[in-house]
Structures are given as C-alpha cells and as structure tokens.
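Following: one structure in structure tokens, then a few remarks.
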C-alpha cells in the first residue's frame, strides 16, 4: 500500500465551524488541521514515471495553503469491508489513464488535533464530531489502513437446526438475524422445511424475511379487517384498486410494476439512432410515475439514507416495463421540531430522542443534501416537494401523548417517459440469461426491508447500522445509459424483463424477476460481482448494495447487450438462467454446495395472510383558545414555522434545469421566490405539451379526523395542480403514500377509515385513479431514558402526489402577482363555503395546541366545480396569478403572492365571516386568483354557479406595504419587506449552519432590499431572427461531436440545441475515442457537455481531462482537433472544467483559469443574470452587451488563477466572454447574484482566436423560452441563448 499526502481537506470556515462545535461540546481543543491522505493498493510497484503520473492525478481541488501537521493524528477512512464511491471512481480514472498496476485507490482524512489531555468521554465526543460511524472508522495510524484492502477467504453459509431443535432454533435465529418474522411465518417456515426434510440455511431465511417483510409484501394493506367487531368486505388495497375499477381511463399499467404508467402526449422524442446521430422520433410519450419513502435509513444516517432513497426511486422508474427514462423528481421531508440553535421557537419543547437516531435538525441539514446530490449527479431535476415539522404533546385518539416525526418521512418520487411497446414486461424465455447490471456486491445494507418494517428502536443498534446503504449516482447514470440504449432500439430492445435491486438485494430481486414471469432460475453465487471475497453467501445474496438492476436477455442478444455495456463502462454479469420449473437454485462453486434450493412457492407463494381486529377511537381535544393570541405575534410565528417559511435552503442545492425540459420549477418570477404550486415539464424539445406534478399532505389533521386528513391531502394536490392546462380530472393520476404507526391504539381503524374516504368515496366521485403508492407501517420511535419508557408516535400520514398531462405548458399560472398588467382584482375562492375550522392548523401548532375540529372537503362537487371553471380560465389565459390556500391560511397565500410579485397589497376581508384569526389563518380548501378588474365580476359568477363561494378581497398597491382591513378597521399592516425578512429567516439560519455563513448572510440581506430589481433583461439583438437559416438551406449539416464521459448528464439537451441550429449532432462517448471507434477528424465542432464526469472525484472535470492527457491516442486526437484552424469547440459546466485543464493542448488558452469549489462550498442551482462582454468568441457574435438570465448548476465554478497578475492578464486579453451581473447591470460581487464567488463575476472565457469557448452556466438548458424559470412575456419560441448555437453554424459556413 502506497500512502500519498494530499491537499488540505477543510477551508477556513469549515475549520471554524468545527472549532465552534468543539467549544459547544466543552472540548479543550486549540487547533485542528485536516488534509486528504490517498491510499493506493498496487498489484506491483510503480516506476518513477508512473508514480509521478499517479501523484499528478491525485493533485486536485482549490489551492488551500497547507502546512506541516502538528498535534494528535485521528485518521478517518471508509469502513473496512466497504468501497467508497470516491474509491471506485478514482480507480476508474487511474485505469483510464493507463495505470493498470493500481488495484484500488482510497481516500481518508487525517485530522491533526492540538488539545489538552482529553478524557475517554471527551475523546469519544471528538471522534463523533470528526466522523460518521455509520460509514467511517477512526484509525490510529496511516499504516492501519491496510485493513481497507485486506482480502479474506470466503465464509460458508450456516444452517438453523429446526429438525432437531424445533421452533426454538428459528426463534433465536429470528432475533439474531433481525428477520422480523411473525409467529405465523415461523410456523409456516417450520411446516415447509419439515416437509422438505431439511434445515433452512441462514441465506434462505434472510431471503424469505426480506421478500415477505411488510416493506415488500404490504401485509397490512392486503390484510383481512374486523373493525369494532364488524368484518370488513375489502382490504385496504382493494379499496385503492377501486379507483381504477371506477376510472380506468388513460391508465396503461397499475399495481404490477415498479411504477404506474398513464397515457401521455404524442411528441418528438429526441435521442440518437444506432448510428449515433440524434433525431426526433414522433411517438406517444407515455408517463410513468412513482413515489417512494426511505424513512428508516434517513433516521439513522440522513445523507446516505436520503441519497439512496432517491436512487432507489430513480431505479424503479428506469426498470418500468422493458426499460424507460426517468425525467423529473420531487422530494419531501416531515420531521419533528428543528430547534435551530439560537432560533428555538416557543412551541418547540425538548422531549429527547434515542441515541441511535439523529436529531431532526441533523436530518434537515444532511438528508436534503443527500437526496439532492444523488439527483444532481444522476442528472434528474428535482422540481417540487414539501417540508413539514411537527412534534407536539396533544390530546388525540389515545389520550395525551407526544405525536411527531422522530422517525422522519423522506419522500422521493418523480415521473418519466416510456415507449408504448415497452409498457408491459416481456416474456422471459426458457434459457434466458439472468443478469445483474451495476456495481459490485458489498457488505452493506443488510436486512433493510425487515429493519424498515420495525418501529425505530425495536431492532438492535448493530442491525440498524447494517441496514444503511451507500450511494454512487454516477454508476446509476451509467446503468441508465445502458437502459436508454436498449429502449431506443425499439423492437430490437434486448431487455425482456427488468427489475431494480432494492430491499433485500438480489435475494428479493432475482426471485421477483423470475416469479413475475412464471419462471424459475438456476444461479451461480460466484458470478455475482463482488469486491469483498470474504463475504458469506447470505451477505453476497442479501446485501443492498445500490445502483443495481436485474434483467433477462435472450442468449442470442447477449453480445449486443455486452457491447452496449462496454461502451457505457457499465459493469454487468450473467448470474443465472431462466428455467421452466418455478424453482430457485443457487449454486456455490467455491464450496461446491447449494446455499438455496427451494420451490418458489415456499418463498413467495402462500405465506400466511394477516388479519387485523381493531377498534375505533375518537379524538377529544379542546378548541383553540384565541383569546391569548395577538395577531402580530401570530404572524411572526406562522412565518417562521418551517412548514410555511421560505424553503430556499432545500431548493438551490438541487439541479432544476438539467434535461432542458423543465418549464416550471419551485422558483417563481424575476425575484426567484420559492412558492410554485406544482412542477411542469415539456414532453420534448419540439412541443408545448407536457407533464405536471404536485403534492398534497395535511398530516396533523389525522390527530383529529382521519377521514379529513385524507380528503384534504387529495384536495390539496388538486388545488396545487389546478393552475396548469390539464382539462379533465381523468388526465390526473395520484400516488398515495401511507405512513402509520400500525398497532397504536386507534390508528389501524383510522387508517382503514382514511383509505375508505378516498378509495371508495372521494376519488371515484371525482373520476381520479390511484394507480400507484407505497406504505410504511412502523412510524413510531420508542426508547428508554433513565429508566423511563418514551415514545414519539407519528400521526397517520398520507402524502398524495398528483401527476397530470398538460396540454399547453405555456399557459401555466404561477403565484407571481403581476403589477404590469393594468387594473386587476384579487378573488378569494372558498370551497368550504365560509367555514373557519382551525383544528390541526399551523396557527394551533405554533401555540402548542391542536384545536377541536379539522377542516375537510365537505362537498366533492365544490372541488369538481372549482377545477372545471379554473381549467377553462387557464385555457383562456384569463388568470394572471394563482395560489392555493393551505398551511398558514389566507394570510400566507397573500404574502407569498406579494413576495413573488414584489408588490404591495390592499386587502379587505369585510365579506368574510369569522374572527380576524379565523379569517386569516384557517386552512380550509381555497385559492386566490388575480384577474383583470374588468373580468372579475363575470369570473366570480362562474365560480358561484358551481357552488364555490367567491370574495373580491382587494388588489395591488405600489407601496412596499401589506394592508389588511375589515372595511374601515385596520386588521394588520406591515411592510412587505419586513414580512419577507421574517419569512426568510428560517432558511437563512439553516444555510448559515450548513454552508458558508457569509454567503448565507449576503443572500438574506439581498432579500431585505425592497427595491431590488430582480432579473432584468437587455438585448442587443432579436432572438427570433434565425441567422443560421441561409446556411441550413444549403442542405449540408456540419458534424458536431456531442462529447460525454461517464457521469456526464447534459448531452441530450446540448445535442438538441445544436440540432436546431442546423448541425448533425452525434453522440460521442470518451470510450469511442479511447478505443479508436470514432475519430475527431470527422467533426467540424466539438462540445464537451455538463454533468459529473467520474462523479467529480479528483476535481470537477480534472479526471476527465487527465484521462485525455495521459492517454496517447486521446491526447493526439484532441491535440490535432484543437490545432485545426477550422474547428470550433464549446465546453459547458463539467465540459468547461475539463477543457480548462487541457490548456497545454489548446492554442490561445494560456490565460484560462481553473474552476474550483464554490465560495458557498455548496452545489448552486440558480437562475442568474449574465452579460456578454466584448470578446472574439465565435459563439457570441452580435450578442455583446446583452444581459440575460441563464441556468446555473454547479459545485465547482469559482475561477482560480495562479495569482493576481494572472487574473489581470486574463482581463487584459480581451477574452472574457461572460460575467455575472446584478439587476442593475453592475458586476455581481455578492452571493447569490454571483453564485460561486468568482472574481469580477467571471464565468465564461474563450481562446484568443475565439474558436474555443468555455463557460460554467448552461445555455443548452434554456435555448427554448419555455425552459426558462422566468422570461419576459414577449419572448417567442427561441430564447436569446439560441443565438449562440446559430452563431456556431454561421461560423462553420
């Protein structure tokens, strides 16, 4: 093992945060210094040249001053027996650079701590601050890291001797292995193995436990029910299926695959043909939808828990039918009170928690980063979601107890597209090859299905830790590229059948694969790719290593599939063959035995069916005491409640523009305020049809009324999607995610009541189907605190996600109030017809009360009538702004609309009944719309005719003021800016804790500027003019290489932009260059695309660049291309970072900077203003002086020059192409207008001759106007950024 010292690991502010944490923990630490240490396992020694090459590869990242280490060494590495994602990707880079002697690279962090003598307890506290024991260990010395590369002999399986010891043996194994088997399941297993006349092996028991866990089998939803002594006719699942039986319209697949599928629009799907040339393919683009939860792992270790939750849901989408394409995602979190240090709120008590789970604050600081990072690296925009905090001592169905979310809800979901012929799974032919696609097996994530099926605290701490997985999104991206290549082949798609690998690992995935196709399988254990030879058969077969799929391919198509995998560098292995007999055999060639030899019917067939015999409990809770509430204090509390408050800290960490198909993300208007009701995507680059997603959840209401909570969740999801052009309820489908503390008094009967309310009543009445969903039935946390038993039990929690087909995405209405549209009126639409129920409201919560009566949707017809009228108004473009009433009531609805429009309001509530608090803060179903003053009366009449009460409540004012009156009486008045400051303080506090606090402060101060102009556009050209048209008419399309490396994810939208400009866009993978299949000699242009090549390990774009510089063939190809006078090249984001590291072979680029970690030290996804500078770039001809917004999505965009003189030389060269500017057109120096902290706002630069340009922002994602988060009304189909690509076409001639 070679030990290679690296760069400092922590910036100054990260060291400061660590020192503050030590101080808060009363640790006598005076100084901490940290640096990376690289560990190289070698097959044979390196020569001097190879060593120098390896050291060069391992030199990356920003230039932070290092110094001689002093103090006690604490060396943190990944846990032995695991391989970190960093390791696999860094090793890939080394191999692609020709360093075949490097068996594996790994990285640790060496902390050097100067401190007084620490007690054993203090040492434990310090180690807890420096590493995550879920995924890391603390080693005493560098040499001890040899354990990371240790290779042990394979372990054997063990048997449980039930034949001799009977039931007791299985009961002991049940506890030891964490199987969570019920008594009747133990009886079932004993009966079957006695019949088979043999003892079960541990691997068989684990496989059975995972496949039959509540997590996988949904026993409660399939159970027989008796409630209050009365036998119920339907199971929960049958009531959900009732929605499909009543309204099967437009549903193509439900209840049987990894995701549901609904009929989509016909549009031009854009992808490369087998020859690599991108083309449009006009066909139905059906919509798949899925929403998952990953609650248990997120409670234990939030970052990997949320990351793998997102990754698993993405795999579900990709493994639908015979392979499909994930498109856009969503996320949601529900946790107990945050108790932000220095910002603890009056309603946030301190009830404690078990040691094995993290705090709600830690979940929300780390979990969203994990989910966002996976989506970012995979290349899926996350464009809607929700966040709720709730933890309260309440009187509910079970008397007075603490209800909350110590076991959090972590929601991951999304939609995708699938070809018509691939919606249904194919036939697995006898003899078909059964394949695992993706990364290797590792000894992680054991027993996750069973563990997540237990209440937090029931399993042992070791088993909790074992059930957490690790994420590698770049590997999943490679697998998805393989799936894409397969479905793009249409009729010749080699995939017959596909499933993702999730809970239970291969032990669940392979049996499910063959069983669903009425086949059996013969498998060879040693064919499973594994980087840990010492694993037992149980560990190999049952681990939940991520980023894996199982699929079947006919033998005659195996070579075709293998070639696709080789090009995409996606590992795969043939593990077995399909058999006619439905029997499962797993052979172990190492020990020459069969760890599994079972009929599939024992594993999956007739396990005992659950019965639930439960009683109903009624909640008794006093009414909210309004007498003690002062309105101004209520406003302050409501606006700082995380459920209501600004959620920027959850949004800007996630890429919202990748694919170039996002029409509506969370950020609204020129001031980019996060208040959007729904997410909208375009079907394709050549259409205006699309898809929409929205969410609805009102979980605290279930503490008063289960029925109301469910009805309100469905209604809210509809209200949130109503501002899009959908047309009919039948074009909306719902996902229902049910969370419940099953077995808790009153909760089982309440769950049945809630399912019945929407499955038998509401949804059938509306004509809406629920074709997909998920349940999590163990939402309770139990622990002992100094001899006292404590529990925190969640409310029954239904999270609804609505998916809709959009007819015209241009007609979507947002909450942005328009002060530039002439006289207008605000109409309040009340579907409750004047009721003001405050039970379960945010107002009650912030005063530590629950209230007595929950709001509900009393009349289904009101929602149906509202939607009908609203859809007609949207289609007619008669509504200027729209926002629903929900958490925080009418007051929140109004101020959020004012924030988005940067306008004042004059409101009169005289026509509304109730107290001031009731009128402003009730959360009955409703909405506010802004319409033309001339049309207001007629529009109001349309709603009234459908039974919806409509109030004219006022309009806009130019002053920075929110005035709310009751006739002549002033109810409330304050400046909009003061309210925005309150609303944004929660996100500021979270950002300051998590990110660079200086950046957080600058953003918070910007939000307090009443006169901030927002995004302002100034164009020096007509974007509708097609300067390339004369050249396109010549009929010859110049060839553009759309270059990607493994992990790149922005190539399709780049190809579409160049295709529109008249180029022949061709898909070129780096493996094509390295293998010699393709030469750059064929191309007039090259574009290096954005994404996460090699997951950005070894520096963003640096690994990609070094794989070119250290490979003779690649270096020659690129050198010749750049030296050719007629060639042009563009590098965007990751491609920009990569090309900046090729300066030595790009003429005229000597003055280019490197691009390193953003000043915020956070991935930044923003819609930022840039201005085109005077420069020679061929791409910016005729655009100089133009100021336009553009998508920004990167973690390493800060320009780094060698010194101040190098920056001055670059400025003097005249090659600066783009700068970030503020709304006044001045160079942006403050965050987030300058999102990465680059000197002088620099974000684009070109060579001295202008042929090669690199830039960090993404013009390819916004070349269509509809793909911009905001744009002026007068823009046509093409945004101004389309001019860049047309300029390139003009240059080629």
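Yeah, the Cβs are placed from backbone N, Cα and C, and that goes for glycine too.
Per Swiss-Prot, the features are as follows:
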type: ACT_SITE; residues: 1133; note: active site, nucleophile
type: ACT_SITE; residues: 1258; note: active site
type: ACT_SITE; residues: 1260; note: active site
type: BINDING; residues: 305-316, 384-386, 676, 886; note: ATP binding site
type: BINDING; residues: 677, 716, 720, 884; note: Mg(2+) binding site
type: DOMAIN; residues: 1040-1293; note: domain 'Glutamine amidotransferase type-1'
type: REGION; residues: 307-326; note: region 'Disordered'
Distance from residue 720 (Mg(2+) binding site) back to residue 676 (ATP binding site), taken between C-alpha atoms, in Å:
9
Restricting to the recorded positions 305, 384, 1258, which ones have a CA within 10 Å of the CA of residue 677 (Mg(2+) binding site)?
384
Rounded Cα separation (Å) that holds between residue 1260 (active site) and the residue listed as 'active site, nucleophile':
11
Mind giving me a neighbour count for residue 311 (ATP binding site)? Other Cβ atoms within 10 Å of its Cβ, every protein chain shown.
29
When the region 'Disordered' (307-326) is classified with DSSP, how many of its residues are helical, how many are strand and how many are coil?
12 helix, 2 strand, 6 coil
List the Cα distance (Å, whole number) between residue 314 (ATP binding site) and residue 720 (Mg(2+) binding site).
24
Among 314, 676, 1133, which are recorded positions, the residue with the most C-beta atoms within 10 angstroms of its C-beta:
1133
Residue from 716, 720, 884, 1133 whose C-alpha is spatially nearest that of residue 311 (ATP binding site), among the recorded positions:
1133
Inter-residue Cα distance where the pair is residue 384 (ATP binding site) and residue 884 (Mg(2+) binding site), in Å:
15
Return the count of C-beta atoms lying within 10 angstroms of the C-beta of residue 677 (Mg(2+) binding site), excluding that atom itself.
27
Among 305, 308, 384, 720, which are recorded as binding-site residues, the nearest neighbour of residue 1258 (active site) by Cα:
384
Highest Cβ count within 10 Å among the recorded positions 716, 884, 1260: which residue is it?
1260
Under 8 Å Cβ to Cβ from residue 384 (ATP binding site), same chain, six or more residues apart: give me those in sequence order, or none if nothing qualifies.
330, 665, 666, 676, 678, 679, 693, 694, 695
